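Asker: Pulled these from Swiss-Prot:
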type	residues	note
SIGNAL	1-19	signal peptide
DOMAIN	54-91	domain 'BetaSPN-type CS-alpha/beta'
DISULFID	57-78	disulfide bond
DISULFID	64-83	disulfide bond
DISULFID	68-85	disulfide bond
């Protein structure tokens with residue numbers, strides 16, 4: 001039961017954040033909806049990481065390249081959760 005509630009809350013937050021709500025609004029929802037503890041910390045971390053993701057780069061690497069081709073005519077590289085145009089990964 002508790003696991004189902006967590007999954008439902010998480011999916012609800014993802015849906016809300018994808019329809020134009022900013023990260024701080026979703027964080028406030030987590031703060032009031034989830035009791036203090038490890039679960040709240042985990043959900044806040046997940047919301048923060050999802051909020052920082054640009055152009056779906058971890059899920060679909062080609063999207064970042066398409067974005068950079070459109071705006072700068074350069075090759076796009078996924079650096080963690082951010083797209084960088086013309087800056088290759090330097091390991």
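Keep in mind that glycine also has a Cβ here, set from the backbone N, Cα and C atoms.
Help me see these features in their spatial surroundings.
Answerer: Following the DSSP three-state reduction, the secondary structure of residue 78 (disulfide bond) is strand.
Secondary structure at residue 68 (disulfide bond), as computed by DSSP, is helix. The Cβ of residue 68 (disulfide bond) has 20 other Cβ atoms within 10 Å, all protein chains considered.
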Asker: Taking the Cβ of each of the disulfide-bonded residues and counting other Cβ atoms inside 10 Å, which one has the highest number: 78, 85?
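Answerer: Max Cβ neighbours within 10 Å, all protein chains included: 78.
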Asker: Of the disulfide-bonded residues listed here (64, 68, 85), which is spatially closest to residue 78 (disulfide bond) when Cα positions are compared?
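Answerer: That would be 64, nearest by Cα distance.
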